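For reference, the structure discussed in these notes is given below.
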Amino acid sequence: SISETFVVRTQVKRHGASKEMIYYIVARCIVLMKSSVLFSYQRGRCLVKLEAIQNALFFNIYSISNAHFIFMETVFSSKTLTLKASHSGKVRISLHNRATIQECKDPNVSGHAESYARELFDCLVVVVCVLSLLLCGRSVLRGILLQHEYEQFFKHKLSRGVSWGDRMEFINGWYILLIISDMFTIIGSFIKIGIESKTLSSYDVCGILLGTSTLLVWVGVIRYLSFFQKYNILIVTLRAAFPNVIRFCCCVAAIYLGYCFCGWIVLGPYHTKFRSLSTVSECLFSLINGDDMFVTFAEMEQSSSLVWVFSQLYLYTFISLFIYMVLSLFIALITGAYDTIMAQSQEQVRITDLHAFIAQCTDTPCSGKFRGPEGPSCSFLCCCE
């Protein structure tokens, strides 16, 4: 093995590679990677095959803001690399990173004020999210208790059942969305504080939690637009089309998975986009949206005529089926739900059993008949009534 410090600067000024260029690259790979090299010639074309290529790089990253060293180990590994004239020239490179934290030994570190300000802000966010979580949880719990009381009243007094739609009227879905967002924010903020204090290194988990919570918070902003009838059309349309869309997606998923497995099994050895099941799904989903069609057709190897003909039939049938039929039907479901909502807005609104039951009460809120018996003491959560 070779242990030295060096800086490699490569500049390519022309397309293609002659024999001298290939030998130069291989020689550089021998120096850096210590790999086995095999040279052979087939029909006048140079074939260079490198096997078991593995290169380990160790380097330190210096953090200016906190004056700490982060030790990272990076490993580039590639099992087999083949370069020839008929090949696309793409190299499969895998990168594995491992981050460990080392404590700075120099006590003279500046910039603590900014770090303390960030930690104070994170603690403030945690406190606000905890209060929001408690209040939303209290509202959801009271809704569930009121729902149970409503079901018992209809069952014993009116001898009637309660529909599923009337039951869901007592549970506010926006509160559940806020509860999930607050939980993600609280956990992510604690992990962020641990990262700032150099006790944790879960960067990915912290990013996923905080990013998801931010997404849910911005989705929750739509709730305030729902108070206006003209801005509420998106929420109402999605709510009406959601059941039919889910049923339609379940049927389409069976056909989509069939194409995924078929492409993975047949075209995997001949196409880079079909090497794994996940890449097959990504490629087919891109084709549905009309992305990268020509490249998918062009990169298909023609070493086997039978497989090439099968690939043409496979791609043409998939694109025709999903773009011209499945995608059009999916849009038609959304459009049909929108037309239904617009037609219902012109007609008289159907009154549910719950709203009819509430309409029978003629007492005003200030009449005092809606107050329950007050206890001798009042908790912190009761002050928000």
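Backbone N, Cα and C define each Cβ position, glycine as well.
The structure displayed is predicted, hence computed values, not measured ones.
Feature annotation from TrEMBL assigns domain 'Polycystin cation channel PKD1/PKD2' to 204-341. Assigned with DSSP, the residues of the domain 'Polycystin cation channel PKD1/PKD2' (204-341) fall into helix, strand and coil as follows: 117 helix, 0 strand, 21 coil.
Among the features that TrEMBL reports, transmembrane segment is placed at 21-41 (among others).
The annotation transmembrane segment is assigned in TrEMBL to 53-71 (among others).
Per TrEMBL, the feature transmembrane segment maps to 120-141 (among others). If one looks beyond the transmembrane segment (120-141) by at least 6 residues along the same chain, the residues whose Cβ comes under 8 Å of a Cβ in the stretch are 171-172, 175-176, 178-179, 182-183, 185-186, 189-190, 192-193, 196, 381, 384.
Sequence annotations record features per position, and here TrEMBL assigns transmembrane segment to 173-193 (among others).
Positions annotated as transmembrane segment by TrEMBL: 205-225 (among others). Listed by sequence, the residues of this chain that lie at least six past the ends of the transmembrane segment (205-225) yet keep a Cβ under 8 A from its Cβ atoms are 174, 177-178, 180-182, 184-185, 187-189, 191-192, 195, 231-232, 234-235.
Residues annotated as transmembrane segment in TrEMBL: 245-267 (among others). Residues 274, 276-277, 280-281, 283-284, 300, 307, 310-311, 314, 318, 321-322, 326, 329-330, 333-334 of the same chain lie 6 or more positions beyond the ends of the transmembrane segment (245-267) yet place their CB under 8 Å from a CB of it.
Residues or ranges marked as transmembrane segment in TrEMBL: 313-338 (among others). Beyond the transmembrane segment (313-338), the same-chain residues lying 6 or more positions past its ends with a Cβ under 8 Å from any Cβ of the stretch are 233, 237, 240-241, 244-245, 248, 252, 255-256, 259, 262-263, 266-267, 284, 287-288, 290, 293, 296-297.
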